[in-house]
Amino acid sequence: LAKHPEIKALMKPDYNLIWVVVLMVLAQLTAFYLVKDLDWKWVIFWAYVFGSCISHSMTLAIHEISHNSAFGNSKAMWNRWFGIFANLPLGLPYSISFKRYHMDHHRYLGGDGIDVDIPTNFEGWFFCTRFRKFIWIVLQPFFYAIRPLCINPKPITRLEIINLLAQLSFDVVIYYLWGVKSTFYMLAGSVLGLGLHPISGHFIAEHYMFLKGHETYSYYGPLNLLTFNVGYHNEHHDFPNIPGKSLPLVKKIAAEYYDNLPQYNSWIKVLYDFVMDDTISPYSRMKRQLKGEVKQD
């Protein structure tokens, strides 16, 4: 910032995010209606080919909203309510809990017992062969859901209860209106999209140390168009209050800081390399023993 103070001008809400999220919710509602009478093979097909992409993209919209990118820091609660709305087509309550744990990830990156993005010791010990690492990738949604309960359980908040009740109500309405196939499409799309899927390469690309000494990596490939530029990950951790839309400008303005860092151009290759490289496993993360006062949401 001392060298490039113009970056401060990018620290403002991205109001276009609001309309993009609304359109994504409407797109999924339309898909729920269209699949209700299809054969099961086509329900599964469209759940993976289309629903999974929208669902994973929506989780990254929720990531943006968790940083108050939709309405700004001055309207934090507006962002929380909007996150609950964005959560609806995923079928599983996620938004409020994600916000609480994700802020810890930014404050205490790699913090032992705090950053639940770090795999558990069991994951590192068990998923150590190529086949097991492949299964670990398939089961990523399961591990991301239970890991906080194992590493850093937190008391349930009122907003989390509201998130849960709103989600259950929405799921019941979808089932009542359009039946089991639409409900299955919704839930399967979320699970498949966060498991063995090209976009899921970002889970591993962001912080797994393929090169020793480098714990955060950016990705500059085309899937950033579907993921609100989450691939610009060094830029995001440097400036978490800048919306994803503006992160390419951060890289352009401060190119001397980012252009020479290790980077990726394919999340599919990241997944392949993670499975096939015997030196990489869920253990390949930087873990820190935190000292001093720790403040959590």
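Positions of Cβ are set from backbone N, Cα and C atoms, glycine also.
What TrEMBL annotates here:
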DOMAIN    41-263  domain 'Fatty acid desaturase'
TRANSMEM  17-35  transmembrane segment
TRANSMEM  42-61  transmembrane segment
TRANSMEM  81-98  transmembrane segment
Would you mind listing the long-range same-chain contacts of the transmembrane segment (42-61), meaning Cβ under 8 Å and 6+ residues beyond its ends? 17, 20-21, 24-25, 27-28, 31, 35, 86-87, 89-90, 94, 98, 181, 184-186, 188-190, 192-194, 197, 199-200, 226-228, 230, 244
Near the transmembrane segment (17-35), which residues from the same chain, at least 6 beyond its ends, have a CB less than 8 A from one of its CBs? 42-43, 46-47, 50-51, 54-55, 57-58, 61, 64-65, 69-71, 82, 85-86, 88-89, 174, 178, 181-182, 185-186, 228, 243, 245
